[in-house]
Amino acid sequence: MLDKIVIANRGEIALRILRACKELGIKTVAVHSSADRDLKHVLLADETVCIGPAPSVKSYLNIPAIISAAEITGAVAIHPGYGFLSENANFAEQVERSGFIFIGPKAETIRLMGDKVSAIAAMKKAGVPCVPGSDGPLGDDMDKNRAIAKRIGYPVIIKASGGGGGRGMRVVRGDAELAQSISMTRAEAKAAFSNDMVYMEKYLENPRHVEIQVLADGQGNSIYLAERDCSMQRRHQKVVEEAPAPGITPELRRYIGERCAKACVDIGYRGAGTFEFLFENGEFYFIEMNTRIQVEHPVTEMITGVDLIKEQLRIAAGQPLSIKQEEVHVRGHAVECRINAEDPNTFLPSPGKITRFHAPGGFGVRWESHIYAGYTVPPYYDSMIGKLICYGENRDVAIARMKNALQELIIDGIKTNVDLQIRIMNDENFQHGGTNIHYLEKKLGLQEK
């Protein structure tokens, strides 16, 4: 097993990684910015290293500082968590070149899956169903581009090859808008991602967001751990996640899961990963692969009993998967609500000091967070301050538990989205299951009905 690792992240995921390390007897090094000295995992880690001032670019995105911290503490590996440098192929490469283990896939795999055009090509080759599209980057010949759009059928969506998180994409509903949309998306992509390559896909009007969790050891073994539904979104950011996805039959799960597991072997994948799909009219359409642990990984852990962070650590230590596909069983249902420090009306971040805090509890209730009474939420980072996960023997029980847990949760001193989450849990359409990715924005009046 690994002797000592650097946790190159902050907040709830850093604490989650630290807990897994402690259970496995792995020593921990918490690297942190000057604003994060009082973070829970920093207070609990075996060693701490301040890697720079508050802004992310000078601390959590500072590659030389993170690698130096590993060197001076004698760590053997670096866990990137999610966000920050977790899907940065150059970081993964520099970590390995410096003689450390990157807890995640190889740099070339991150690069392959990070570029949407090469990722789609690799998935098609592996037999994973993809959205009908241009099968490569768009050129300057508008006659050819119009022909592609006609073949796919309007509406289409123009996407930046290096994009993500809802940025660098435009919906086009007819020939008249096509040329301008391509040039505008190119300009946007160049500015945001330093890559003006764009491609075209069929635009699905009312899809759900369903994703498959995978684990692969890089030694020819891979498994899928059922699916999650993350359709409750606002501005392409997930708000509520659940597992398994409502209405997905065991046959459908096996069909898509086996293809994802095979794709992992085909591309030489190592670690935890997630295949994201749009799901409409009983069909899956691959959109991207996240080559890291996801925010919503706990709902999968709750229904399968598999500790995904521990598996990441074991795989990084060179061990084969500790679980076989036939040992993965889906039991019950889990729902996760992301708790954000934000104004519930404007959705603007709400940093500040937490004056009073009480975590919910009870059977089947899990609270993943770094906050405590007296903790000051800094203004420099993502607004998510916790995740509330509730498990039940079925979906109705999980939702009922979540309603109670949200009512129990007390966070005073800052504004949060707890009331929004209570509204979602009480929403009839959510309770019925299977709402699409536009549902929440329409409910909130952020999108035309």
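Here the Cβ of each residue, glycine as well, is placed from N, Cα and C on the backbone.
The annotation in Swiss-Prot ties Lys238, Arg292, Val295 to hydrogencarbonate, and of the candidates under consideration, Arg208, Arg331, Arg338, the one tied to the same site is Arg338.
The DSSP secondary structure for Val295 (hydrogencarbonate binding site) is coil.
Once the Cα atoms of Lys238, Arg292, Val295, Arg338, the listed binders of hydrogencarbonate, are compared pairwise, the greatest separation found is 18 Å. Taking only the Cα positions, the spacing between Val295 (hydrogencarbonate binding site) and Lys116 (ATP binding site) is 21 angstrom.
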